[in-house]
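> Once you've had a glance at the structure underneath, I'll fire off some questions.
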């Protein structure tokens, strides 16, 4: 039973619970009208302390399509946070108004702190450079729907692997499925954090390699996960300018990829995937965004005990 659980990290749920969510998401995709009122009378609070378009709108659309309602803020300056209110007090107050919280925060561990003061489920919609579990559910559902299997894949992850919370969450989740291999493509400065390398990959004897060449990595992968170099994570903007265009996936590079390779991206993109790739049948990132809405519908319905 997922009712009243928090989702702060992919490891909070078992593989069986993932499958439960994916099964419901698939059913909703196939017959959305059947689920359009199951959360009637329920309220989602979206507390976004960091800018977001896709994740916030995906959560809001998901709740509205389930028949529920949405309250919240999209930047801290429009809330009592700007007056100095603590996270603890914000969460305890929102508990009086809502049935469920989706929260994004720039500080790692903020969602965990929020859950300590909440009697209603808290969903981590991204905490700094740490984790982004609903993006992971989105990624897994997309792979499952279009590849058919979450096991036995060679996944190349490219770009900002140091600060990229979507990358950290995805590695953590896919490492729980059998025979997956990882190719980690990044500049030396943006390599995967040690805790991911040591506590997840090496501890579980998962095959991986770290390289700097996208052209080399793309040859072996059947899933390519592109990420942007994140301007907001850099203190030194000259360093960002130096690294921002180091990886650009274009039509020429796609010619070196497998015919059945899947290209994913958590979005937003900047320059790392050229628009010409959008027309390639291997580009799945907009289908991925749609899967995100359905998987959030399934997740919220489960946490609220409505499905």
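Positions of Cβ are set from backbone N, Cα and C atoms, glycine also.
The annotation carbamoyl phosphate binding site is assigned in Swiss-Prot to 54, 55, 104, 132, 135, 267, 268 on the grounds of sequence analysis. According to Swiss-Prot, the L-aspartate binding site annotation covers 83, 165, 228.
Looking at the shown structure, can you explain where the listed features end up?
Taking all protein chains in view, 23 other C-beta atoms sit within 10 angstroms of the C-beta of residue 55 (carbamoyl phosphate binding site).
Mapped onto three states, the DSSP output places residue 165 (L-aspartate binding site) in helix.
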> Inside 8 A of the center formed by the CB atoms of 54, 55, 104, 132, 135, 267, 268, which other residues of the chain have their CB, for the recorded carbamoyl phosphate site?
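Surrounding the site, in chain order, are 52, 53, 58, 125, 126, 166, 266.
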> List, in sequence order, the same-chain residues at least six positions removed whose CB sits under 8 Å from that of residue 104 (carbamoyl phosphate binding site)?
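Correct list: 47, 48, 49, 50, 52, 55, 56, 125, 126, 127.
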> Any idea of the Cα spread of the carbamoyl phosphate site, 54, 55, 104, 132, 135, 267, 268, as a max distance in Å?
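Result: 16 Å between the two most distant Cα atoms.
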> Per DSSP, to which secondary structure element type does residue 135 (carbamoyl phosphate binding site) belong, with helix, strand and coil as the options?
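Its secondary structure by DSSP: helix.
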